[in-house]
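Peer 1: Straight from Swiss-Prot, here's the annotation block:
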type	residues	note
ACT_SITE	His109	active site
BINDING	Tyr25, Gly26, Ser27, Gln28, Thr54, Asp84, Met85, Val86, Gln87, Gly135	NADP(+) binding site
BINDING	Ser253	substrate binding site
DOMAIN	2-183	domain 'KARI N-terminal Rossmann'
DOMAIN	184-329	domain 'KARI C-terminal knotted'
Amino acid sequence: MAKIYRDADADLKYLDGKTVCIIGYGSQGHAHALNLKDSGVNVVVGLPEWDKATWERAEKDGMVVKKLSEAADGADVIAMLIPDMVQPAVYREHIQDKLKEGAMLMFAHGFNIHYNQIVPPEYVDVAMVAPKGPGPLVRRMYVEGKGVPSLVAVEQNYTGKALEVALAYAKGIGATRAGVIETTFKEETETDLFGEQVDLCGGVAEMIKMSFETLVEAGYQPEIAYFEVLHELKLIVDLIYEGGIYNMWSAVSETAKYGGMTRGKRIFTEQTREEMRKILKEIQTGEFAREWILENMAGRPVYNKLLQMEREHPIEKIGKELRAMMPWLKKD
């Protein structure tokens, strides 16, 4: 079973007298910075000079804001809370020459360390604290005296105190109130990518589109198809999210139970499982990472084309029209 750390297992004293530099002030960055500051930690936010709007927002929130290299200079913990694909360049240009002996390089996702896009010097600690929820939720739960479950991992333990410092950071953002699960950079990275590709993003999106196309091709109205295969999905996902898969089965009709349990395996077959294994292998071997890195180096031609195709799918047009009928939703 996984090791889970709670409030009693973490001590903010490991951040006493230290400066935590938060690189970025987006979804996670602003939450980490504000929570740590409210926990009594000395925080500085590092931002590019050209990002005036974010700079002003951070200062309005009461943060000390500096240019990237200045913020990192002399910091004891440097948290890289910017998108994966820009991290390596920012690290090379603004961070690596500012790392002092015994400092900690902190991440919220393991991609760049696991796939060697960032290779820290041996004289620093490397750790990860990854909340399993978006930044606004991390902030809101902290303010309410609660927390969001998170992951913690140590990749490099130069000082011998990397886990203690990482847990102090986790406590500072409120994570230990809920529980912090110990993992590794390898496990977090590979399972995160697998979930995105096979289930959460790739698998669900393709299932919805194919279901919609099947109904429309058979002559059913696209409006009805949209409601049945996309709109109602939230109702089912909420039931699973709140109480697990069996909770969903307990809540739906007997007809839905029987039809789902007898037909679902005809959609997701052993061939599907084999493709899942292939995708996992591509992640484990680094094949996907190399593909994605090269795609970015080439200017993202495949990525941009695929995104355009998604945007132009018929389900998007009909969805926009139907959502206009739903006053409880934010307008597109």
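A Cβ is built for glycine as well, from the same backbone N, Cα and C atoms used for every other residue.
Burial and contacts for the listed features, if you can.
Peer 2: The Cβ of His109 (active site) lies under 8 Å from the Cβ of Asp84, Met128, Ala130, Glu188, Thr189, Asp192, each on the same chain and at least six residues away in sequence.
Non-local neighbourhood of Gln87 (NADP(+) binding site): Met80, Asn112, Gln117, Ile118, each in the same chain, at least six residues away, with C-beta under 8 Å from its C-beta.
Sequence-distant neighbours of Ser253 (substrate binding site) (same chain, 6+ residues apart, CB-CB distance under 8 A): none.
In the domain 'KARI C-terminal knotted' (184-329), the DSSP tally of helix, strand and coil residues is 122 helix, 0 strand, 24 coil.
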Peer 1: Could you tell me the mean pLDDT the prediction assigns to the domain 'KARI N-terminal Rossmann' (2-183)?
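Peer 2: PLDDT averaged over the stretch: 97.
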Peer 1: Who sits close to Tyr25 (NADP(+) binding site): which same-chain residues at least 6 apart have their Cβ under 8 Å from its Cβ?
Peer 2: Ala33, Val45, Leu47, Thr54, Arg57, Ala58, Met63
